[in-house]
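Noted in TrEMBL for the protein shown:
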BINDING   Gly27, Leu28, Asp29, Asn30, Ala31, Gly32, Lys33, Ser34, Gly74, Asn130, Lys131, Lys132, Asp133  GTP binding site
BINDING   Ser34, Thr52  Mg(2+) binding site
Amino acid sequence: MCFHGPLSLIQRILPTGSQNNGLLILGLDNAGKSTLTERLSEIFNGKAKAATVQASEWSLRINNSKLKLWDINGDLKNRMVWPNYYQKARILIFVVDSKDAVRLSEARCVLCDVLLHEELNKAALLIVSNKKDTQGSLPASTIVDLMGLNHLQGREWDIKECSLQTDKGVQDIVDWIFSKTTKAKK
Ligand SMILES: Nc1nc2c(ncn2[C@@H]2O[C@H](COP(=O)(O)OP(=O)(O)OP(=O)(O)O)[C@@H](O)[C@H]2O)c(=O)[nH]1
Ligand SMILES: [Mg+2]
């Protein structure tokens, strides 16, 4: 299933800039994308800023260069604008709520739809299994199974567990982003 929306809505929130070197943060609503975005901004830039309503564009300072980051809302209505960002994404982070077992099948379908877009064929993919502080949080192995990640073919991907509330695991995500941006420069 693909989400394509009215042109007027799409044009309102087109990403700026032309390089294909951005970091795109996607996932279902309530997964923790904006919380992760603000944390990354604090870590890389030393400060956070409030997110806008539908999509927010950030600039992270990594190794004396800038990485554009887009955090787009994950509710059904806003998913139709996601494809406008695919061409600019070199890195894709897909955030899931590890305690929300009921919505993991929805997350799987949504990720599947995203990865069908060939603009993202070369993007490095990280699944962030968030909310590890919560009771009933599923282990990474279960997330991998339920999301069918082992069936992804011809794609570099990884999974990191974290709690954005306690900060546990966030450094691993930062290191992963760092390694991908450094690798891309070589
Ligand atoms: N317990 C817990 N709550 C979290 C964690 N990360 C985020 N939250 C909470 O989850 C809720 C949703 O977080 P957001 O970052 O707004 O989620 P989002 O993915 O940006 O959601 P949309 O913008 O609606 O697509 C907020 O109340 C956060 O405080 C976490 O690691 N643990
Ligand atoms: Mg958000």
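We number each residue from 1, going along the chain as drawn.
Quick reminder: no glycine exception, Cβ is built from N, Cα and C everywhere.
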Task: Rounded to whole angstrom, what's the largest C-alpha distance between any two of Gly27, Leu28, Asp29, Asn30, Ala31, Gly32, Lys33, Ser34, Gly74, Asn130, Lys131, Lys132, Asp133, listed as binding GTP?
output: 22
Field: Residues among the binding-site residues Gly27, Asp29, Ala31, Gly74, Lys131, Asp133 that border ligand 2 - Cβ under 6 angstroms, in sequence order
entry: none
- request: Whole-number Å only: compute the distance from the Cα of Gly74 (GTP binding site) to the Cα of Ser34 (Mg(2+) binding site).
  value: 10
Query: What count of other C-beta atoms do you get within 10 angstroms of the C-beta of Asp29 (GTP binding site), across all chains shown?
result: 14
